[in-house]
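Annotation source TrEMBL lists transmembrane segment at C:50-68, C:80-99, C:130-150, C:170-191, C:198-219, C:344-364.
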Amino acid sequence: MSVIEQPIIEAKSLTMRYPGGVTALSDLELSVQPGITGLVGANGAGKSTLIKILLGLITPSSGQVRVLGLDAQEQGPEIRARVGYMPEHDCLPADVSATEFVTHLGRMSGLPPTAAKEQAAEALRHVGLHEERYRQIGTFSTGMKQRVKLAQALVGNPGLLLLDEPTNGLDPSGRDAMLALIRRIGSEFGIAVVVASHLLSEIERICDHLVAIDGGKLLRAASLDSMTQALPWLAIEVDEGSEPLRARLEGAGLTVSLQGRALLVRLDGDPVFDTVRDTIADLDLPLTRLEHRRHHVEELFERRELDEPTEAKL
Amino acid sequence: MTAVEPSAVPAARTAPEPATPAVVSFDHVTHWYGNVVAVNDISLELGPGVTGLLGPNGAGKSTILHLLSGFLSPSRGSVTIGGVAPWRHPAIFDTVGLVPERDSVYAFLTAREFVLASAKLHKLPDPKAAAERALQLVEMIDAADRPIQTYSKGMRQRAKVAAALVHDPKVLLLDEPFNGMDPRQRMHMMDLLRDLGQRGRTILFSSHILEEVERLADTVQVVVAGRLAASGDYRTIRRLMTTRPHVFLLRSTDDRELARVLMASPAVQGVALTKDGLEVRASDHGTFTRKLARSCRDAGIGLREVIPSDESLESVFAYLVGA
Amino acid sequence: MSTPTTSVIHDIGYKPYTGPRLGRGQILRALYVHGLRAVFGFGRGPKAKIVPWFVTLVMVIPAALNVYASSENKPLILDYSLMGVRMMLFTVLLVAVSAPELVTRDLRHHTLPLYFSRPLRRGDYPLAKLLALFTGVLAVTLLPVLITYLGQVASSTSGHMIWLDTRAAFPGLFVSVLQSAVLSVLALLLAASTSRRVIATGLIAIFFLVTLAISQVMANALGTSWKTHQESCVVPALDPNAPNLSGNLFGVGGGVNGPPDFVINQYCQGVNAREYGIDNVTGVKDPNKPGYADITVTYETPVYSAIAKAGGLANPVYVVEGLRIWVFNATDSDLPNPSPLGPLYGAEAALIVLGGSAGLFLRYRKVSVS
């Protein structure tokens with residue numbers, strides 16, 4: 001895979017004010033790198049406005065956007081030829097087979113007739129629709145429909161996929177499969193993916209980067225690793241005897257606190273691990289968990305509620 | 001009450017029953033639409049607190065909620081709330097509030113009008129005050145005078161919850177309440193439900209987002225193809241699946257040596273060396289966890305991490321559905 | 001190089017597409033072709049083919065009869081210029097079924113965001129659909145004109161006859177093109193106002209039938225009076241080769257048994273003996289021209305009120321028909337000649353096509369993508 005120097009999406013002081021006086025985006029600075037990026041926090045106007053601007057469908061009130069190196073205001077059709085978009089809502093006809101539908105949309109993405117057929121077959125294979133692809137879409141389950149929606153976004157061989165709530169309406173096994181698929185597209189296929197999702201746990205599972213937008217402004221953009229960094233706390237869970245364990249650990253000079261069913265031990269250095277191990281062994285306790293506490297993406301939203309003024313400066 | 005269907009584990013086992021009085025009870029309830037059996041011989045009891053209702057699409061979750069809210073009558077068996085059967089018993093609406101999954105058709109109303117209408121429907125003595133209180137509870141005062149059709153999905157959801165809460169019901173039923181909510185709205189809704197549960201309300205909500213259920217619900221009811229597959233605390237449910245080895249991810253100062261040590265134990269079925277550490281499959285959860293720390297110490301191995309990788313609600317659910 | 005005996009595991013993983021990509025124009029064309037196929041029910045189930053092919057078949061029937069008539073050297077069963085109006089209900093049936101087929105499915109299933117997030121511009125979608133429906137309807141309505149014309153040409157004996165026939169076919173072409181345009185635009189605009197196919201079909205059918213009824217009431221029933229005309233002309237009194245030209249006319253001067261219609265039609269300008277009732281013919285031998293007679297024809301023509309003349313404006317098919325009558329000064333129609341309201345008919349036809357298209361484009365500007 002070639003290394004792309006420029007960001008996949010780059011927005012500079014992007015502002016969108018609607019005639020009614022609603023400000024959907026205000027002075028948004030954004031830079032999306034290759035890989036899978038989660039887009040969170042932009043409910044309602046902000047998210048759909050951003051998608052429309054990225055696809056070059058509406059002109060922002062001010063600011064610039066480049067998508068795949070193309071100017072969104074000048075080169076909308078070129079961008080749309082190279083971006084696959086999977087909408088949040090139902091968008092599939094009931095009385096057409098998946099193959100026919102995806103082939104037609106392949107044509108609409110600019111593929112010649114034969115290539116559209118081949119690419120549609122490939123896209124459906126990659127999303128895991130096999131013999132059912134000749135059946136009418138109306139007979140599909142929610143999970144299969146989501147796959148068709150993904151296949152139509154994939155058919156034009158995009159450089160960027162915009163997925164809007166791709167797990168919407170899926171049950172747990174359907175979600176698992178969809179997330180695994182997105183992960184594969186982002187890593188094996190080498191296609192940059194932007195996933196808009198309200199589910200932070202999902203974003204933590206599949207994304208490399210995260211962009212959080214709030215009130216039309218960038219709240220945070222960072223790699224997911226940096227947002228889920230390990231904290232210097234060790235969570236210990238034992239099936240029984242957590243009180244004596246706590247007393248012994250404190251007796252050994254460790255800082256211990258109780259959080260839910262877990263004991264949190266301050267991790268000052270590697271000897272702490274051995275102290276914990278030996279104490280548990282001495283007390284003959286069943287150890288069910290020994291884990292680093294990590295930051296969660298969710299804290300991003302919790303913190304803002306606590307001290308709004310400082311975060312608003314971001 | 002905790003019960004696991006034989007389909008999930010070879011023999012149904014029951015954990016000790018908590019002593020809370022049952023508010024909601026299903027007694028051998030079956031419901032069918034034509035030839036489709038949506039709910040099949042379900043018996044369960046719910047007390048105060050938050051209960052998650054889980055199951056794959058089409059497993060019968062909505063039917064259960066509709067049976068409880070009196071929209072449907074059971075084809076067989078009985079459903080009672082506080083000892084009263086909800087079907088054709090309008091008085092039940094004083095104790096039950098339902099938040100349906102679908103958006104209301106009254107999108108042209110403002111949230112305040114919508115909640116007020118609900119308050120009047122319940123013939124509350126002071127509908128205005130009740131509506132204000134409900135709107136305050138879901139933090140919708142600021143936007144209460146805009147038509148519902150201008151709302152985001154999360155706001156609509158909150159307006160519906162306010163309407164369902166307006167008469168301060170003892171039992172609150174919610175069908176996919178978090179759908180479409182952004183993270184902050186989600187957290188807020190979770191806090192609200194948790195708080196209501198702690199104050200003695202019986203709350204039953206269906207959700208596909210297991211991480212949320214795990215964080216919010218005290219107990220879960222898992223429905224698979226119309227049958228109640230399991231109910232209770234999901235960790236306890238997991239322990240009841242004795243035939244399924246428990247999977248742990250271990251990291252240590254010497255994974256290879258640790259693997260050798262662990263393989264010697266009869267409690268361990270298998271060990272795999274992965275790039276992230278050791279994946280251990282323990283057939284005997286009790287013995288394995290009790291021996292782990294000591295084995296490490298005896299072998300001089302520093303234990304860095306022990307993560308039970310199939311103890312989450314997600315894996316419990318997958319086992320129940322897949323079994 | 002691999003020989004047949006070499007074992008290989010082929011990479012069937014994801015491969016980026018490196019072939020050519022078509023521009024907006026070609027995508028538009030693909031959407032147009034897709035729509036045109038849909039008009040005739042291709043790419044859909046067998047049920048979708050019933051109406052378009054039934055209509056096509058019905059259209060061929062008068063054309064086949066015409067071809068038979070030409071081969072027998074008889075006048076046409078259905079004249080070119082009247083095909084559009086006479087077959088109107090079938091054309092309306094076609095658009096009432098095809099227009100919803102073209103647009104309601106995408107509206108109903110919210111498929112439009114998938115189009116608008118692709119290279120096409122907003123206006124391209126309605127444009128392709130409009131062109132597709134127009135082409136489809138044009139092909140169907142032009143079919144009888146074309147078949148009849150070919151039949152006539154095949155049985156022609158001279159170049160002049162072919163020329164005359166070409167001229168006669170021209171109003172048919174005129175009606176076919178305009179009617180297709182007007183019907184397509186209106187039907188598509190109506191269809192795009194709802195996402196339910198059945199409702200769209202009903203809307204279109206009701207719209208055309210109700211306006212048709214209004215039009216007919218206005219054109220026929222209201223305010224028609226008769227005006228008496230007298231026309232003097234010189235006709236050949238005697239032709240030994242034409243035995244029909246006998247009788248007492250030339251000696252005594254007339255009565256209703258004057259010269260036959262075609263003589264009057266030929267020699268008395270402005271009189272259409274077949275269309276108007278000839279009340280009386282008087283005549284004397286022309287004193288200056290041996291073998292000719294001076295006759296005076298008395299006949300009545302209907303005088304239409306302004307309401308009757310404006311009647312055609314109520315229905316789009318009649319707008320086209322009125323325009324034809326006015327442009328070609330035709331007298332073969334059920335409708336009165338709209339003169340002096342002719343320009344109004346032209347303006348309305350233009351308004352329907354242009355305004356309707358604009359409305360359709362506006363309709364699709366409002367569709368949201370996300």
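The chain as shown is numbered from 1 upward.
Yeah, the Cβs are placed from backbone N, Cα and C, and that goes for glycine too.
Automatic, uncurated: that is what TrEMBL annotation is.
The transmembrane segment (C:130-150) makes contact with the transmembrane segment (C:50-68), as judged by at least three Cβ pairs under 8 Å among residues 6 or more apart in sequence.
As a quick check, the transmembrane segment (C:170-191) and the transmembrane segment (C:344-364) clear the bar of 3 or more Cβ pairs under 8 A, pairs 6 or more apart, so the two touch. Same-chain residues lying 6 or more positions outside the transmembrane segment (C:344-364) and placing a CB less than 8 Å from one of its CB atoms are 112, 122-123, 125-127, 130, 178, 181-182, 185-186, 188-189, 192-193, 310, 312-313, 316, 319-320, 322-323, 326, 338. Taking Cβ pairs closer than 8 Å, the transmembrane segment (C:50-68) reaches residues 39-41, 76-78, 83, 86-87, 90-91, 93-94, 97-98, 136, 140-141, 143-148, 150-152, 154 in its own chain, all 6 or more past its ends. Residues 88, 92-93, 95-97, 99-100, 103-104, 186-187, 190-191, 304, 307-308, 310-318, 334-336 of the same chain lie 6 or more positions beyond the ends of the transmembrane segment (C:198-219) yet place their CB under 8 Å from a CB of it.
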